[in-house]
Amino acid sequence: MKTPVPKKFIITVILLLCSTNFRTIDASAFPSNILTFYKAAIVTNGLECASLGKKIFDLGGNVADVAVTVVLCEGVANPQSSGIGGGFLLSYYSKSEGIVRTLNARETAPAAATTDMYIGKPNLSVSGGKAVAVPGEIKGLWELHQKFGSLEWKTLLQPVIELCKEGQVVSNYLRNVFGRYEDRIFNEPSLKEIFIDPSTNHTYKLGEKVKRLKLAETLESIAEKGANVIYGGGEIGRKLIEDVQKMNGILTEEDLMSYKVKWSTSLTSKIINNQTLHTFPIPSSGAILNFIFNVLSNYKLSHDSLSYHRIIEAFKFAYAKRSYLGDENSTEVLEMMENLLSQNYANEISSMINDTKTFNDPKYYKPFFEIIEDKGTTHMSILAPNGDAISVTSTINYYFGAFFRSVQTGIILNNEMDDFSTPGLLNIYGYLPSPTNFIKPGKHPQSSMTPTFIIDEKGNIRMIVGASGGSRIPTGIFSTIFNHLYLKKSLKDAIGTRRLHHQLFPPQLQYETGFDSEIIKELNEKFGHLLLENTQNDNFAAVTGIAINNGKIEASFDPRRGGSVKIFK
């Protein structure tokens, strides 16, 4: 059983481009977490990143250009959650073509990785060099820019380089993370060097600045030489490998040089008002979200205990099926993917939902393997005035990834190897780990990341949604869509409303303090759901998104994490 770790938070950036009369408004001047606007906006958890995105707008950049800058900025402003030492999953919608393309730049297992490398040594997958998978973020952003960018590559990196030199401002959230991990940071020299104030021997305080001078040098090299400086045998790649190997890692230059991103197409399902849900294929958990909506498609759902009972049952069946998935083309995985997208299969599962009771024995839902409890992410959503859109979710996994920094490059490394399964051990519920998620060289670990679009019958973006929160991401995104499209709540309320979550293991229904108490009571007394109240906001997914309603664009971050907004008029 893996050691529980805290969830990381979300970064969502919402960009709506227009060519005229930009005016910046700071969301801190507003009492709510939402702004409604008509032309252009950036919403982000990084305090500086919306402003840097606007600079790219002002230079005539397009959506892809702005996305490159803001994603890189977020890795600086939120070093605990993302950065170029990690990877991402990205969806791109071309309205003129009516196609959603997906870009997989998630980390992969090194060539020297083996299925049994963590047996008896589980901590090695959590921190240190052996926890590091092949990072993909710069390669993915480079591919995005080569296909869709308009400005010079180095132009997009320059604002982030300047931020590294001038220093990022410590946000309230980062201050809290620093407080939680101060002792570990102090005892890890590579992190102490940048996050501990030498004048106090404590982490930097709220509002103070953290400089990333070595990372600035690395970004300058990437700006001039492109992705090959890491992935083509260049100096940054060599230095990165040296530092990882000094931490007993198995990553090699050949791993970097052989790393490839993968373009594919989205997974689709029809939902309310004949709109189309687009999610990400394997290794994402997108198919789980499609499946939940398919199972519930024959019900008329509302805010009552029976509706939530049915939703919870759909969650439980979905997470049982998730245990079959992994980054493999095996017959079992392909069959399960086909089933998860099939309405006929969903109807069969729907018929197994008993409207009078739940089943607290997980065997009823037919899981075959353990449910991976993965970690959090950051997320960015982009919508252009021509109807094109980008939704991208990025991560380094745990807080501060593998908990060390490459001192020669300034890059904080991921610990994505912990998202794989290790054979041989039953989990506490008596289930074996899934062979489809066993370690294999070049393989992506399974992920809960689920960048999502909803597109209407006319081909217009209706919603862009993403989340952090590990295994709670699919249910958090479902709840937001359900609240907004089905219960007609504003996007702000759809995101902020208290939620329910069930992933089959553990067997309790988790609910946030403040959820409708009468419904919770009926779920327990009438339907037999075991209950677990959760009073901590960061134990549920932090959702951030945009919605278009009658020509107006609504943007909101999650009050569970906070955020900031700038709008352009």
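The backbone N, Cα and C atoms fix where each Cβ goes, and this holds for glycine too.
Record check, TrEMBL: L-glutamate site residues include Thr395, Ile396, Asn397, Asp419, Ser447, Ser448, Gly470, and the candidate from Arg101, Arg106 also listed there is Arg106. Among the binding-site residues Thr395, Asp419, the residue whose Cβ has the fewest other Cβ atoms within 10 Å is Asp419. For the pair formed by Thr395 (L-glutamate binding site) and Thr377 (active site, nucleophile), distance between Cα atoms is given as 5 Å, rounded to the nearest Å.
Calculated from their C-alpha atoms, the gap between Ser448 (L-glutamate binding site) and Thr377 (active site, nucleophile) amounts to 9 Å.
The two recorded residues, Asp419 (L-glutamate binding site) and Thr377 (active site, nucleophile), show a Cα separation of 13 Å. Long-range Cβ proximity for Ile396 (L-glutamate binding site), meaning a same-chain Cβ under 8 A and a gap of 6 or more residues, is found for Ser81, Ser82, Gly83, Gly85, Gly86, Ile412, Leu413, Asn414, Asn415, Glu416. Counting every protein chain shown, the Cβ of Thr377 (active site, nucleophile) has 33 other Cβ atoms within 10 Å.
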